[in-house]
Amino acid sequence: MTATEQQQDDFSNVSWSEHVHDQQTRSVPDAEEPGHDMNAPGTGLERDAPSLGNEKLECTVDTPIKENDGTKDAFVSYLITTHSTFSSFQRSTTTVRRRFTDFVFLYKQLTRDYPAAAVPPLPDKQRMEYVRGDRFGSDFTTRRANSLQRFLSRLSLHPTLRRAPILHTFLESPDWNATMRSRGSRVSSASDPGSAGVFDNFADTFINAFTKLHRPDRRFLEVKEKSDKLDDDLGHIEKVIARVARREADLEVDLRDLAEQFQKLIPLEPHVEPAVHGFSASIEDTASHLRKLKDMTDQDYLGSLRDMQAYSIALKNLLKAREQKQLDYEQLTEYLNKSTTERDTLQSGHGGGSGAGSFLRAKIEDVRGVDHEQARRERTRKLELRVEELTHEVESARKTSDMFDDEVVKEVADFERIKRIEMKAQLGSLADSHIEFYGEVASIWEKYVEEMEKQGITSA
């Protein structure tokens, strides 16, 4: 990738100050040191996000355990360890176990409570492991634990979501099930009368799918384009990394097969048994370290690329929601203008009009014996009320659209900052894994050479 392409993938290049609203955006300086822990000192977080405040919130997800084993209600729980200085926490360090459905509930609550935030998504549940029945295997649970770790890390780096009361309860409460029951009942009771609203929203979405914005905001068009480019690049990198992981797995199998074949030489060549045995053991050790590298590449780094793509989609969904707010404002404005024009026409005494609709209305009024002047005054009165109501609605829609624009600008800046910190952390971990692998392999073969030299000196 050229330097120009890399620059295009950076959302920080989007100019926020040249357009319609006078938005105040947060300054997001570059993160300095490539620390590997997303919350650790050295990530540049302290200077990178002054809006986060002084409170600390660090979460780790590990140690997946299968519970209710042997029953149809078996599930996997994950250990969450939290270090926090928030006053809402009872202790500075807490540990709880949560299952995946608990994370799903938390995610749904956050998306409901913070509609103007790009809430980080959870790993997809529609995976082949559910079909094959091996969703309790260590490979799957490790991948999921890594993804859930990234989910909580993103929340802890978000200036608004990290302060969400439901998140703090999730991270500390010993009676989380009671919280889910109470919140779930409130949400269901509140949504009962609005069941028809689901169809209304669907109808709105369907209609608006064929409606274009009259004045699209160039700022958000640029963000959408850069987000699409990011998804494209991540998709290409993911394919290459997946191929690397497969080749590392194949190489591990070949190394173990090679070690086994050398072991078969020992009965045939007993006079070189120490050398062959040591060589075979060194190959086995190399294969074991290669397995660790492959697991890190496959289970952690490859998963981080997919999770970042999902996070980018969440941002684009927020852009669609912002576009909907602007569309509502434009359509209401158009309706207001139409009603105002119709009212002014009636007030000017040209209520009859020259259209086919006006002609038919006049004929119907004649048949019914309606006084045309009285009917015109009645229509004028209704239009006055409609214009007044629409004026308030348009002003409300404008304020909502402007406020949503402001929030989306902040969300894009937060996404860019979190993305940068996470990518540096993941690349740092991948680099550390390679350094450890090559260091261990070099040590293995250096020891083998030393042993062979000792045996050569002794035999001499």
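Here the Cβ of each residue, glycine as well, is placed from N, Cα and C on the backbone.
Listed features, source Swiss-Prot:
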- 1-53: region 'Disordered' (REGION)
- 1-16: compositional bias 'Polar residues' (COMPBIAS)
- 56-178: domain 'PX' (DOMAIN)
- 238-266: coiled coil (COILED)
- 306-337: coiled coil (COILED)
- 374-403: coiled coil (COILED)
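On the 0 to 100 pLDDT scale, the coiled coil (306-337) averages 89 in the predicted structure. Beyond its flanks by at least six residues, the coiled coil (306-337) meets 115-121, 123-124, 147, 150-151, 154, 208, 211, 213-215, 217, 220, 223-224, 227-228, 230-231, 234-235, 238, 387, 390-391, 393-394, 397-398, 400-401, 404-405, 408, 411-412, 415, 418-419, 422-423 of its own chain at Cβ-Cβ distances under 8 Å. Taken through DSSP, the domain 'PX' (56-178) splits into 53 helix, 28 strand, 42 coil.
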